[in-house]
Structure formats: C-alpha cells, structure tokens
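Worksheet: the structure to be examined is printed underneath.
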Amino acid sequence: MRAGEALRRLGERRPLVHHITNYVSVGLVANATLCTGALPVMAHAREEVAEMSGAAGALVLNIGTLDERQVESMLAAGRAANERGIPVILDPVGAGATALRTRTAGRLLSELEVSAVCGNAGEIATLAGLAAEVRGVESIGGDAREAALKAASSLGLTVAATGAVDYVCGGGRALAVENGHPLLGRVVGSGCASTAVVGCFAAAAGSADPETVAHALAYFGCAGEEAARGAGGPGTFEARLLDALAALSSDPSRLSGRLRVGDAGAG
C-alpha cells in the first residue's frame, strides 16, 4: 500500500496499534504512532497482552530493553495476533550484540508468524546468518542490501534493513528507500519510531508486504527531511519530527513527488 492511501485509511479508521517495546523510547514510539494517525497502546503485562492484541490492527514487538517476562508477554501477544491474522512487526534491537538478544529474536521468529522484521544492517545480517558487528544496539558497517535479501529469503517474510538507504526485500522484490536525514541517527529511539510507523501502515493495509513497508519508511524519512529544516540540533529535531509526521499524515497530498522509493534489484 502506498503512503497516501495508507495515511488516508489511517485517518478514517484510527486503528489500534499494540506495542510491546523498550522503556527508553516508549514515549517517542507512542507519539509517532499517534501522529501517523493510529492509536497507540503500550500494554506489556502478561495478564492482558493477548486481550489487547485481540483488539488491535497490528502488533509491534521491540526487544530493546529485554527481560524474560517481557519475552513471555511478546509470545502471548504474538499468538493472539496470529489467531486474528493481524500483522506482527519485529524490531530485533541489538541482535548480534549479545547471545540473549540473538536467541530471543530467533525464538520470536520461530514461534510466531512474524509479518516483517525491521532493523539496522548488523541486526538483519545476524538474523540472516551473515558476519556482522553490532556494538550495543548500533550496527558497525555491513551491507544492508545483501543482509535484507538474504534474511528475506531465509526467513520467508518482509525484511527492512535501515540505514542511509533503507532496503526492503521480500516476495522476490527488493526496494530502496532514499528518504531520510542524518539527524535521525542523532536521536535515540528514531529507529524504534520508524518501526512503529511500519506497524501503523501494516494496520491500515492489513499486511506488511514490501511496498507497504517501503512506503512507511519513505513517509518517516520524508518527515525527517522536513523536520531537519530549521532544527537547531537533535533536541529541536525530535520535536519537529513529530510535528512533521502529524502534518504529513493530515495532508498526504504533501507527499506527492517527495517519496524516493525505487527498485533495488533482486539478485
């Protein structure tokens, strides 16, 4: 689904997007969801997550601040989402940095029907079984396109490897998204927020196919470009990013001709 159509549908339906995410970026993630046009809920208690996912249009799982109880909540929510057939989006934050994170990402992928995975080049390379260097939650180098292609093929789902250029692969397609701004890399949680936007678009489309994911990332990157104009630094940029997400979602026609999504080749 293309950005304009997704944003119009979000404005009409206001679907609930259920996040089980990390406590570092939870506020930014919730606000990015709201500004995009969906309704965020940040429920993580094991006792209620299945019920909450049962009312949602999409589920977004983020392992940024990981513990065993949270993993059990993610599995319970994911099973409920799978029963209802709603999209499940995974952000494998820090996969490759520690054994726990790598193992947890693998467990979620093996026990749940995940619709799309969004991460940096190092995280995606780790899931694809490629050599990768991940320091903390940051990727150090790596070929994002190669990682996305390999992971999409081996996992059998949509994979987005984000960076200066985002590569979205799946179903024999490979797309490149060139929207964005370097200041996005100066704000902690911007990657989490971009995955949240993917969840919003997936809720609108009812799926997380490569085109839907690519246009979600292009919309987010376009908001980053707009926010950077006049921003004094990372602090003002973060506030302006939310303003830009809201402005573009309120008037999708402003995206016309601005989204840079192209074919990245499939081999």
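Any Cβ shown, glycine's included, is placed from N, Cα and C.
Small disclaimer: the values here were computed from a predicted structure and weren't measured.
Feature annotations, reproduced from Swiss-Prot:
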- Met42, Gly189: substrate binding site (BINDING)
- Cys118, Thr162: ATP binding site (BINDING)
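Features recorded in Swiss-Prot, as mapped to the structure shown.
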| residue | record | DSSP class |
| --- | --- | --- |
| Met42 | substrate binding site | coil |
| Cys118 | ATP binding site | strand |
| Thr162 | ATP binding site | strand |
| Gly189 | substrate binding site | coil |
Cα-Cα distance linking Cys118 (ATP binding site) and Gly189 (substrate binding site), given in Å to the nearest integer: 13
Whole-number Å value for how far Cys118 (ATP binding site) lies from Met42 (substrate binding site) (Cα to Cα): 19
Number of Cβ atoms other than its own within 10 Å, given for Cys118 (ATP binding site): 31
Met42 (substrate binding site), number of other Cβ atoms within 10 Å: 16
All-chain count of other Cβ atoms within 10 Å of Gly189 (substrate binding site): 20
